[in-house]
Amino acid sequence: MLAASVLRLTLPLCWLVAPQPTQPERLFHSRDRSDLEPSPLSQAKPIADLHDAQSFLLKYGWSEIPSPKESAGVPVGFTLAQAVRRFQKANRLPASGELDSPTLAAMNKPRCGVPDTRLPPRAALPTPPALLTSLGLRPRARQKRFLQMLFPKPDGQQEDASDTGASRAFSKKTLTWRLVGDAYSSQLSGDEQRYIFRLAFRMWSEVTPLDFREDRTAPGTMVDIKLGFGRGRHLGCPRVFDGSGQEFAHAWRLGEIHFDDDEHFTPLSSDTGISLLKVAVHEIGHVLGLPHTYRVGSIMQPNYIPQEPAFELDWADRKAIQRLYGSCKGSFDTVFDWIRKERNQYGEVRVRFNTYFFRNSWYWLYENRNNRTRYGDPLQILTGWRGIPTQSIDAYVHVWSWGKDERYFFKGSQYWRYDSENDQAHTEDEQGRSYPKLISEGFPGIPSPLDTAFYDRRQQLIYFFKESLVFAFDVNRNQVLNSYPKKMSQVFPAIMPQNHPFRNLDSAYYSYAHNSIFFFKGNSYWKVVSDKDKQQNTRLPLNGLFPKKPVSEKWFDVCDVHTSTLNM
């Protein structure tokens, strides 16, 4: 059984600290690059024999570094067969321990240069220069530094998250990055590279509270994550790239990512070569503290898997990074289910719905079936909802009954009616009067601005919330009920004393996915006692509020991203 723990992927800083020109010359500017004569790509030497396989197993952590008393290339503590067997098992090959053709083929797959595993620690021993060369390291690299690269000690910025080898690499939530000016790729234009990297960082930001910002002006020592391309001996790094076909990139401790420019990196629109986006997302995962995993579907698999254009971070990758940096939190301006009618292949009308979360000028679509936000969200309200205010909406109400199907957005002292058929706000009503209208005109007796509102289909009432008061509005009579307004705590009493929002709700909505009403305030939510809850426990108060819970434990990955990446 493998007695090794996964290698911590936070390796020592290796970028040469040298003055950089304020505007370094780049390979590409805005000109066409067809006149350039690119240098021929170097090809990696394939792993073909026992010696190559030994070097591979050492380089990627499957066997231990030999001492001077042992012949170079012979693992310590584990035989070669044991190391091969462990590698085969991880790669879902028959664990024979024999260096057969399928095993050699697995070793020759394009892969990340970060080691896969870490064996039990041993005393620091000098390593023969020949072995360093076979591992892709410069012979002059000192053994102490080599061991630090493979087995880094925890520092003040790191904290173990679990026994999987993952460790938190940064203690702050806002991180800067830069594509180093003299280390652009010869494969793509500078604008393409930076766009791809912005998207790669955004994909991690969509599932964590981390905020990634490109910084092209600060001193290099102040930038958290630096990216660059090189060939062979590159960027002052002790690791030497092997040419096209095997190691395509590696990540280093304290925020460095190097890409082998001998590889055929391709842009988003290409279905050939190696996707720079996919490699970048993988290496950023290392810089943030995630190790390799051989789990199918993970972006952190060590080998490159081609022909996967629509890849995303899967559930386990999301949970792994959130164990290090936490889940996303934050209040919402409004939350609602958007109801739509569709006809199936038989012409039958089916009612569908999606949940939307609005915050500031952004919105997220929540896929209840998958229990996560839609890939690529958030988006700007401006681009998805035509004609309504572009930020800080107070409430959404869908009056839906046998005789009505009306949708309203509220902000300040005004409201807008939305046309779901044409996907835009109405500009005027049936009498030719223009929208937006004053809340006091369309909903007499309702104050403004509102905190929030929702429509209760059971009673055909709109509940409007203002500070500690609630107003029940009869949509059929177009008036507030005589006994209202009332205290929110009176209409929606707490089941547990003092466990109540009391005033200033952020949002309230009826969820068709959960058949329940929810109140939101800050990072918490309260579930309103439903008819089903009352049937199961008759002692529960009518419209009572169950104790609050964290929003992030029920609705996952509603995360902000940096404004520079909103329209990607």
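Quick reminder: no glycine exception, Cβ is built from N, Cα and C everywhere.
As given in Swiss-Prot:
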type	residues	note
SIGNAL	1-24	signal peptide
MOTIF	110-117	motif 'Cysteine switch'
BINDING	Cys112, His282, His286, His292	Zn(2+) binding site
ACT_SITE	Glu283	active site
DISULFID	Cys328-Cys559	disulfide bond
REPEAT	329-388	repeat 'Hemopexin 1'
CARBOHYD	Asn371	N-linked glycosylation site
REPEAT	390-446	repeat 'Hemopexin 2'
REPEAT	447-495	repeat 'Hemopexin 3'
REPEAT	502-558	repeat 'Hemopexin 4'
Check the DSSP secondary structure of His292 (Zn(2+) binding site), expressed as helix, strand or coil.
coil
Is Cys112 (Zn(2+) binding site) helix, strand or coil when read with DSSP?
strand
Can you tell me whether DSSP puts Asn371 (N-linked glycosylation site) in helix, strand or coil?
coil
Just to verify a number: CA distance, Cys559 (disulfide bond) to His282 (Zn(2+) binding site), in angstrom, no decimals.
20
Reported as an integer number of Å, what is the Cα distance between Glu283 (active site) and Cys328 (disulfide bond)?
22
Rounded to the nearest Å - Cα separation of Cys112 (Zn(2+) binding site) and Cys328 (disulfide bond):
29
Cys328 (disulfide bond) and His286 (Zn(2+) binding site), distance between Cα atoms, whole Å:
20
Between His292 (Zn(2+) binding site) and Cys328 (disulfide bond), how far is it from one CA atom to the other, in Å?
24
State the Cα to Cα distance, in Å, between Cys328 (disulfide bond) and Asn371 (N-linked glycosylation site), rounded to an integer.
15
Averaging the per-residue pLDDT over the repeat 'Hemopexin 3' (447-495), what integer do you get?
96
Quick one: pull the CA-CA distance for Asn371 (N-linked glycosylation site) versus His282 (Zn(2+) binding site), whole Å only.
24
Check the residue listed as 'active site' against DSSP and tell me helix, strand or coil, would you?
helix
